[in-house]
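One structure below.
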Amino acid sequence: MITSYCLSSPRNTAPAEAFFVRNSHLHFHKHRSFNGDNVLFKPNPSPPKSFLPALRGNNSRLTHTFASISSFAEADGENQEKKETKIEKSHKPGMAQAFNISSRTASAISICIALAALSFPLLMKSLGQGLALKTKILSYVTLLFGFYMAWNIGANDVANAMGTSVGSGALTLRQAVLTAAILEFSGALLMGTHVTSTMQKGILVANVFQGRDTLLFAGLLSSLAAAGTWLQVASYFGWPVSTTHCIVGSMVGFGLVYGGAGAVFWGSLARVTSSWVISPVMGALMSFLVYKCIRRFVYSAPNPGQAAAAAAPIAVFVGVTGISFAAFPLSKTFPLALTQALACGAVGAFLVDRIIRKQLGHLLVKSTSMQPEKNENVVQNKNIGFLSDIEGPKGTQLEIVYGVFGYLQILSACFMSFAHGGNDVSNAIGPLAAALSILHGGAATGAAIIIPTDVLAWGGFGIVAGLTMWGYRVIATIGKKITELTPTRGFAAEFAAASVVLFASKLGLPISATHTLVGAVMGVGFARGLNSVRAETVKEIVASWVVTIPVGATFAVLYTWILTKLLSNIL
């Protein structure tokens, strides 16, 4: 069940005139002192039953059911802390509390996932049909190791796509998990083969292990287990760490100890460590500029609602064009690829404009009649600078702005989720496929390893399972604990992170999606003032980044030592 909220200003002394927000589970009380960035939330005792994004009829109009928005407030920290204290005192376990379900239901979901994880490998062709029983058992264990790593990717890394959307209230946790589950699995299944496996990215010099297949097999399994272990620890505490850094650190530790200094491509390690600085700085800078642009050209416009509705198609055109051209080029010929990308961007912009006009048209018409009160603000804001602090829109204008950017944020979150499933699944499936290739007699150090479809699906299932069971922990950190988010702030962070990752990937720069998004969320906070970023949370996150590679390497060395002892008695 989803909680809906009433919004009111604590400083108001005038009678309240309630109006229903058609694009979210909110009941706002409109006041003359209502400000877009300073609002107080109160639970509504009669919440709606629906929790999925849906279009529904309402007085012959279609309205979009968004999430309940629980973190638009930025100045009412005391009330927010009281609310969080009440939640923390709940006797429900984490998963039940996060999804607002019974403990029995949460336990049943966890048991079903565990049973599926243990039984599905028995039905997979990659188990090694027709091979010796010993090989089948080792293949089964290998698939479980890969699932464990994929599970932890889902528990930690999926927050890159959905954390800001949940934090801003554009999606509820249930909506985010369901949406991400579909898109992450689809991305892993449809795009996983387009991503080069970890063994082929230049982390280890494979020739060093030629003729020592058992050692290499043990190292690959140990790397999966080591990266998964550190990801699980980080997820437990809600630290967003890079899964790529985890697997790289683990494989470097194994290669360095068991293959010597010549077994590691040190250039790869240097690029990874440099991204600790490059990624968050670029993300913070980009999100700072995007959010300042929103405040300068939307909030200070004569009609902020109309300005937001006009800016949305432009943002979608730029985003879809860039994605179509850089990430998913439809043609190998540059002029044709560019033309197709522009066409995709134009179609996306047209569709978003039609949806916004249809869903928020009645509010846009209403906003045009609110001129007398707004004209005074226009005169005051004529000479404001780009970095000036601008008062947010109020009433119907705020409703439109948040509605528009709520749509944009959901679109950006869906793209990031799909792209993440297609890219980061390789962090689990790459070593897994290489290990299976060794078991089945393939040349692990030779030609490129072909990743079977059922293995991709297996990795996608692991990501979805981890997201469902533990994903809420890191989502809460990115969405709520770094800085308070609204749809405009959430969109600025997500759009900036996606743009930086896309641009850097095209240029071959070392960028971590996790670090970029954390930096982008911090950048939005800095745009509102240094005190808007919670220093303690940032310190914990940075500390977890610094120790990721050495901890992963240590675990990998330890696990390799254990596995080599066990395998020496089996093989």
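From the backbone N, Cα and C atoms, a Cβ is placed for every residue, glycine too.
Keep in mind that what you see is a predicted model, and the values were worked out from it rather than measured.
As annotated by TrEMBL, transmembrane segment applies to 105-125 (among others).
Under the heading transmembrane segment, TrEMBL lists 137-155 (among others).
The transmembrane segment annotation in TrEMBL covers 176-195 (among others).
According to TrEMBL, the transmembrane segment annotation covers 215-239 (among others).
The transmembrane segment annotation in TrEMBL covers 246-269 (among others).
The transmembrane segment annotation in TrEMBL covers 275-294 (among others). Long-range contacts of the transmembrane segment (275-294) within the same chain, counting only residues at least 6 positions beyond its ends with a Cβ under 8 Å from a Cβ of the stretch, are 242, 245, 311, 386-387, 405, 488-489, 491-493, 495-497, 499-500, 504, 509-512, 514-524, 526-527, 545-546.
Long-range contacts of the transmembrane segment (306-328) within its own chain (CB-CB distance under 8 A, at least 6 residues past either end) are made by residues 294, 297-298, 337-338, 340-342, 344-350, 352-353, 356-357, 360, 364, 367-368, 400-401, 404-405, 407-408, 411-412, 415, 419, 495, 498-499, 502-503, 505-506. TrEMBL lists 306-328 (among others) with the feature transmembrane segment.
Residues annotated as transmembrane segment in TrEMBL: 334-352 (among others). Sequence-distant contacts of the transmembrane segment (334-352), counting only residues of its own chain at least 6 positions beyond either end whose CB sits under 8 Å from a CB of the stretch, comprise 312-314, 316-322, 324-325, 407-408, 411.
Residues or ranges marked as transmembrane segment in TrEMBL: 432-451 (among others).
The transmembrane segment feature in TrEMBL is assigned to 457-476 (among others). Long-range contacts of the transmembrane segment (457-476) within its own chain (CB-CB distance under 8 A, at least 6 residues past either end) are made by residues 94-95, 98-99, 109-110, 113, 116-117, 120-121, 124, 126, 143, 146-159, 162-163, 166-167, 173, 176-177, 180-181, 184-189, 192, 234-240, 421, 424-425, 428-429, 432.
Residues or ranges marked as transmembrane segment by TrEMBL: 488-505 (among others). Same-chain neighbours of the transmembrane segment (488-505): 160, 164-165, 167-168, 170, 278-279, 282-283, 286-287, 289-291, 294, 298, 315, 319, 322-323, 326-327, 401-402, 405, 408-409, 412-413, 415-416, 479, 511, 513, 516-517, 519-521, 523-524, 527-528, counting only residues six or more beyond its ends whose CB sits under 8 Å from a CB of the stretch.
Taken from TrEMBL, the feature transmembrane segment covers 542-562 (among others).
With a threshold of 8 Å between CB atoms, the same-chain residues lying at least 6 positions outside the transmembrane segment (137-155) that come near it are 117-118, 121-122, 124, 126-128, 131, 184, 221, 224-225, 227-228, 231-232, 235, 243, 247, 424-425, 427-429, 431-432, 435-436, 439-440, 455, 458-471, 473-474, 570. The transmembrane segment (542-562) and the transmembrane segment (215-239) are in contact, since at least 3 Cβ pairs between them lie under 8 Å (pairs 6 or more apart in sequence). For the transmembrane segment (215-239), the residues of the chain that approach it from at least six positions outside its boundaries are 141-142, 145-146, 148-149, 151-153, 155-156, 199, 206, 209, 246-247, 249-251, 253-255, 258, 427-428, 431-432, 434-435, 438-439, 444-445, 466, 470, 473-474, 476-477, 481, 540-541, 544, 548, 551-560, 562-564, 567, judged by C-beta separation under 8 angstroms.
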